[in-house]
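K.L.:
Please read through the structure below; I'll follow up with questions.
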């Protein structure tokens with residue numbers, strides 16, 4: 001009986017953590033929705049457009065700071081002993097600080113030359129560095145199965161982001177800068193709670209072994225950086241360039257509301273990736289594992305998307321003011337596009353586990369290229385920003401398909417026919 005109990009405890013703990021992550025996602029999504037609704041009432045659409053452009057640039061800068069090696073944090077935390085992981089962490093921080101310095105010099109120079117017209121973009125490198133450190137902290141909590149701590153700090157961060165957004169925009173200035181500063185402060189919560197009182201473990205220091213690992217893993221992913229930008233953030237820039245900053249603001253408002261799907265998908269990833277990695281380590285039925293997790297991600301996301309759309313349809317008139325009414329169309333399109341992301345996610349995780357960085361880079365480059373091409377051509381020919389949303393879903397499906405074929409081919413060879 002004790003043996004049975006001991007065997008069931010890890011399973012129960014895994015499911016408890018899963019529900020904690022999902023519960024955190026629901027509450028965080030509601031807080032994010034509240035922030036989006038708040039900004040539609042307090043900001044003009046063109047200011048919302050500035051936020052969209054800032055976040056688009058941040059998406060490029062964030063992986064540059066870490067050399068796109070965030071995936072190594074989860075893998076190394078799960079596989080290395082404490083001393084080795086500490087050396088990895090210090091090396092990753094040293095690299096991030098170096099890249100941050102370069103990016104800040106470049107951004108400042110471009111602003112002085114007039115290439116960057118918005119001074120708000122000067123905060124992008126600092127925000128990218130802060131996000132890298134915060135991501136490291138949150139990934140460590142998840143890898144250690146500290147779901148309660150992770151959930152609590154995530155909720156605190158989201159509450160702070162909402163409160164500061166309201167205070168800065170309503171009491172200081174109705175500008176995009178208020179939202180960006182609020183997000184930066186909230187991003188730091190996870191970092192300080194994780195490392196406060198032991199900041200010495202964050203001292204930058206190079207370890208030759210882990211420097212090579214980060215470069216070897218990250219550089220191929222860096223090649224895919226613009227592909228990833230194409231998949232995730234090019235839509236806002238394309239809409240701004242083609243239809244103007246005001247339309248970009250309406251589109252960004254819809255995207256902010258639809259971000260509930262991205263939050264939900266990330267929570268599923270946090271909850272499921274330890275179990276997926278464990279199955280990959282122990283099972284020779286790799287095709288069955290991949291198929292099961294693909295259906296699991298897609299099925300759960302589809303059910304949640306239907307719930308989100310139905311709920312939004314009931315309350316949209318209460319959520320958005322008249323000046324943002326057209327954002328609803330973009331919201332529906334982006335929720336549908338998120339199912340392409342759900343289809344990609346299990347294959348991306350499997351590629352990370354087997355360190356197929358080059359293959360993943362090629363797949364993301366191809367998917368990003370399809371997204372940008374589809375969005376630009378569709379927006380111009382059909383004259384609607386909706387094509388930018390359609391392009392995202394299409395690009396992710398292309399990426400998932402390429403990875404699925406590559407994983408099947410590689411693992412069939414390496415497991416000598418056991419890929420069944």
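Using the three backbone atoms N, Cα and C, a Cβ is placed for every residue, glycine included.
A quick note: this is a predicted structure, and the numbers were derived from the prediction, not measured.
When I checked TrEMBL for this same protein, it listed these features:
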| type | residues | note |
| --- | --- | --- |
| TRANSMEM | 20-42 | transmembrane segment |
| TRANSMEM | 48-69 | transmembrane segment |
| TRANSMEM | 90-113 | transmembrane segment |
| TRANSMEM | 119-137 | transmembrane segment |
| TRANSMEM | 149-169 | transmembrane segment |
| TRANSMEM | 175-193 | transmembrane segment |
| TRANSMEM | 214-231 | transmembrane segment |
| TRANSMEM | 251-273 | transmembrane segment |
| TRANSMEM | 293-315 | transmembrane segment |
| TRANSMEM | 330-350 | transmembrane segment |
| TRANSMEM | 362-382 | transmembrane segment |
| TRANSMEM | 388-407 | transmembrane segment |
K.L.:
Which stretch from 48-69, 149-169, 214-231, 251-273 shares the most C-beta pairs under 8 Å with the transmembrane segment (362-382)?
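P.N.:
Ranked by Cβ pairs under 8 Å, first place goes to 214-231.
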K.L.:
Run the contact check on the transmembrane segment (388-407) against the transmembrane segment (119-137): 3 or more C-beta pairs under 8 Å, excluding pairs closer than 6 in sequence.
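P.N.:
Counting Cβ pairs under 8 Å (6 or more apart in sequence), the transmembrane segment (388-407) does not reach the transmembrane segment (119-137), since there are fewer than 3.
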K.L.:
Can you tell me which parts of the same chain pack against the transmembrane segment (90-113), counting only residues 6+ beyond its ends and a CB-CB cutoff under 8 A?
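P.N.:
Residues packing against the transmembrane segment (90-113) from afar: 61, 64-67, 69, 72-73, 119, 121-122, 124-126, 128-129, 132-133, 136, 201-207, 210-211, 214.
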K.L.:
Top stretch among 20-42, 149-169, 175-193 for CB pairs under 8 A with the transmembrane segment (119-137)?
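P.N.:
Between the stretches 20-42, 149-169, 175-193, 175-193 has the largest tally.
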K.L.:
State the residues, same chain only, that lie 6 or more residues beyond the ends of the transmembrane segment (330-350) and have a CB under 8 A from a CB inside it; answer 'none' if no residue qualifies.
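P.N.:
Those are 250-251, 253-255, 257-258, 261-262, 265, 268-269, 273, 276-277, 280, 290, 293-294, 296-298, 300-302, 305, 308-309, 312, 360, 367, 385-386, 389-390, 392-397, 399-400, 403-404, 407, in sequence order.
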K.L.:
Run the contact check on the transmembrane segment (251-273) against the transmembrane segment (214-231): 3 or more C-beta pairs under 8 Å, excluding pairs closer than 6 in sequence.
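P.N.:
The answer is no, given that the two segments have fewer than 3 Cβ pairs within the 8 Å cut-off.
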K.L.:
Six or more residues beyond either end and a Cβ under 8 Å away: which residues meet both conditions relative to the transmembrane segment (175-193)?
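P.N.:
Sequence-distant neighbours of the transmembrane segment (175-193): 35, 39, 43, 47-48, 50-51, 54, 120, 123, 126-127, 130-131, 133-134, 137-138, 141, 149, 153-154, 156-158, 160-161, 164-165, 168-169.
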